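Structure, as structure tokens:
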């Protein structure tokens with residue numbers, strides 16, 4: 001496109017960016033959003049979120065595998081209390097390392113190539129677990145698949161937010177969580193029919209499909225502009241929006257924003273509220289999300305159900321919880337761009353609070369003779385206990401867990417990842433998203449590593465009561481710190497943090 005043809009457009013865009021309340025501009029924006037063709041955008045998002053499918057699959061891999069390896073005939077592969085806790089938790093340690101490396105990969109390779117890079121450790125990790133001859137190979141496989149998950153956790157939400165437009169960014173921002181949930185559900189379903197080695201082989205399939213599809217997808221226009229590749233960025237946006245749309249206007253707006261942030265963030269700039277406030281909010285949300293206990297529940301789900309002896313077999317309970325989680329994330333995806341982010345966060349934290357409190361009080365007050373357990377101390381050793389419930393009161397832990405997962409999946413699951421990619425400033429987005437992932441998975445590692453040990457020492461009710469307190473803190477944090485980003489472009493959100501003027505967010 002010739003520069004002379006774009007000059008009036010640039011002036012108009014710059015002016016509208018600084019004066020959002022103009023009704024004519026708002027109408028034009030809505031007309032533009034309605035004119036866009038989203039099929040290619042959806043295809044690019046699908047290709048990327050296959051990495052989240054693999055992540056969700058790998059995260060809950062221990063759930064059906066731990067009970068199987070506890071009874072393995074070979075001493076080299078048999079898990080005890082100590083090794084089971086490492087097998088469940090070391091994945092998150094690898095994810096933290098992946099998030100740390102993503103701080104460099106996101107800005108050096110770009111978002112798309114970072115996602116593709118994650119396939120290498122993922123494929124090797126699954127191969128190690130499929131052919132494991134000892135616990136060491138199992139743990140190394142878990143570390144490598146965790147590392148891949150850490151890279152994708154930091155890269156995929158940023159990639160999606162940067163290629164999406166405000167009309168669908170909330171819905172598409174929930175897709176990583178939907179695919180992670182779907183991956184977990186598929187793992188639970190396959191766990192009923194496949195052995196633990198074949199489960200690892202099945203994990204290779206989405207990774208290979210992701211690599212093939214991403215080869216044909218464009219990179220993020222914002223990243224390309226930050227690298228000085230203007231023509232390639234314009235072509236990328238044209239491919240994503242449609243050639244017959246007014247994508248050039250959006251391109252100039254993005255280019256204007258990138259031009260203001262053409263350098264990497266320096267140490268001195270961290271003191272700027274425009275930089276540190278969104279980073280603190282994003283890191284705080286990731287920290288509180290993990291402290292609410294979701295990773296512990298997902299990783300040790302079947303063991304928890306065996307401990308509380310719910311009315312169905314643990315593998316059926318796990319699949320049922322997976323279905324509830326998938327349904328709830330789908331609700332969040334549909335309602336996020338209509339109801340808004342904050343209201344869903346409030347509802348989510350409230351449901352999680354009640355569920356964790358119910359679970360903790362049930363375990364504490366219901367006698368072992370009624371809840372079907374012999375001792376309220378251990379999870380791993382309960383694999384050898386009878387799983388038959390004595391009465392229907394054992395539905396309570398199943399329902400409490402289902403509502404906990406439902407609450408998490410409706411808000412604090414998908415929205416924390418979406419907000420991380422929305423509020424972080426462009427010049428710090430690559431590094432800060434990696435920092436969020438590091439904090440998130442180090443917290444998850446600490447919880448999953450010591451969860452079984454705490455249960456062994458003082459009982460299963462203590463972690464759930466602790467998680468309930470954290471959920472109450474989530475409500476306060478949402479009310480005091482989290483901005484509403486529904487329907488706002490990334491440039492508007494940056495303008496809000498830069499100026500502190502709430503008119504930019506109206």
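Just so you know, glycine gets a Cβ as well, placed from its N, Cα and C.
Please treat TrEMBL annotations as automatic predictions, because they have not gone through curation.
These numbers come from a predicted model, not from an experiment.
Among the residue ranges 343-363, 364-384, the one that TrEMBL annotates as transmembrane segment is 343-363. TrEMBL lists transmembrane segment for one of the ranges 11-34, 83-106, namely 83-106.
Your range for transmembrane segment, going by TrEMBL and the list 196-217, 218-239, is 196-217. The transmembrane segment (464-482) makes no contact with the transmembrane segment (139-160): fewer than 3 of their CB pairs lie within 8 A, with pairs spaced 6 or more apart in sequence. Sequence-distant residue pairs (6 or more apart) of the transmembrane segment (172-190) and the transmembrane segment (343-363) include fewer than 3 whose Cβ atoms are under 8 Å, leaving the two stretches without contact.
Below 8 angstroms of C-beta separation, residues 48, 51, 54, 58, 61, 76-77, 98, 102, 105-106, 140-149, 151-152, 154-156, 159, 196-198, 200-201, 203-204, 207-208, 210-211, 214-215, 219 of the same chain, each at least six residues beyond the ends of the transmembrane segment (113-133), sit close to that stretch. Among residues of the same chain six or more beyond the transmembrane segment (343-363), those with a C-beta under 8 A of the stretch's C-beta atoms are 292-293, 308, 332, 335-336, 371, 376, 396-397, 400-401, 403-404, 406-408, 410-413, 415, 459-462, 464-465, 467-468, 471-472, 474-475, 478-479, 482. Beyond its flanks by at least six residues, the transmembrane segment (83-106) meets 58-59, 61-62, 65-66, 69-70, 113-114, 117-118, 121, 135, 138-139, 142-155, 158, 295, 299-300, 380, 429-431, 433-438, 440-442, 444-445, 448-453 of its own chain at Cβ-Cβ distances under 8 Å.
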